[in-house]
Amino acid sequence: MTDPGRESSSDLPEPEESAAASSRREVRQRREARKRPALKERSPMAAFLVECAIIVVLAVVISFVVKTFFMRAFYIPSESMEETLAVDDRIAVNLLAPQVMDVERGDVVVFEDTRQWWGDGQEPETNPVQDALMFIGLMPDTSSHFVVKRVIGVGGDTVECCNDEGLLQVNGEPIEEPYIYEGNSPSDMDFSVEVPEDHVWLLGDHRAASADSRFHVDEADMGAVSEDDIIGRSVAIIWPWDRWGGGGSDRGPFADVPDSPPEGSAQ
């Protein structure tokens, strides 16, 4: 009779089987040990590359969101806004105006030239990389159908040039314009326009080199631009570094201009 307190000899592993299992286990352990250093060497580099990829993606997403809803960069291609804005300047434009913030007299604004008043419709040559960078907001927009000018009159204003002193007038108030290009007069042509509601009337600071609202006073809107076409207000020169500063808006000269009378009232 077998003692129940003892294991049957048939239940015990054979010495050869036990040694073989132990040998296989040791082989696996040695293989895993050889793999671990290689994994440790690759892990920091892999983690670094993943972090870089995440940072790049986040930067692109943030830049696109900012460019779409808040701020956008534009390139100045001409001298029509000198000395305020020079050729090759890059400006930051606040996209909240006029949708959220009002556009006022004296503001420098960028608008879309939907009627091709100020351009010939020819786009400057760009490469796919430049197009992509402009699309996501990492490069200033160089499109020719965007124009920058200064707001002289808003909806309901009467803008005239010039009085006996040679000054431009808004609602009968003479305007001293310190931003006009040195040697230029306020205008070399006479005009008297009433700005339609929800429109702005625009001039370049370099009056002798600016094709602006003055050249379209005989058209339906008397040279005024719809507020719907305004992209935003210039808030800063961001390039080149030695010209870093404000975006040129100057409401001071218009501080004493009276409110325009309601449409249809006597003036």
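Using N, Cα and C of the backbone, Cβ positions are placed for all residues, glycine too.
Feature annotation from TrEMBL assigns region 'Disordered' to 1-36 (among others).
The feature transmembrane segment is assigned by TrEMBL to 45-66.
Annotation source TrEMBL lists domain 'Peptidase S26' at 51-239.
If you look up TrEMBL, you'll see SER80 (among others) marked as active site. Under DSSP, SER80 (active site) is assigned to coil, being neither helix nor strand in the three-state scheme. Counting only same-chain residues at least 6 apart in sequence, those with a Cβ under 8 Å from the Cβ of SER80 (active site) are VAL148, LYS149, GLY204, ASP205, HIS206, ALA209, SER210, ALA211, ASP212.
All protein chains shown were included, and the count of other CB atoms within 10 Å of the CB of LYS149 (active site) stands at 24. Per TrEMBL, active site is recorded for LYS149 (among others).
Look at TrEMBL and you will find 246-267 (among others) tagged as region 'Disordered'.
Confidence over the domain 'Peptidase S26' (51-239), given as mean pLDDT on the 0 to 100 scale, stands at 86.
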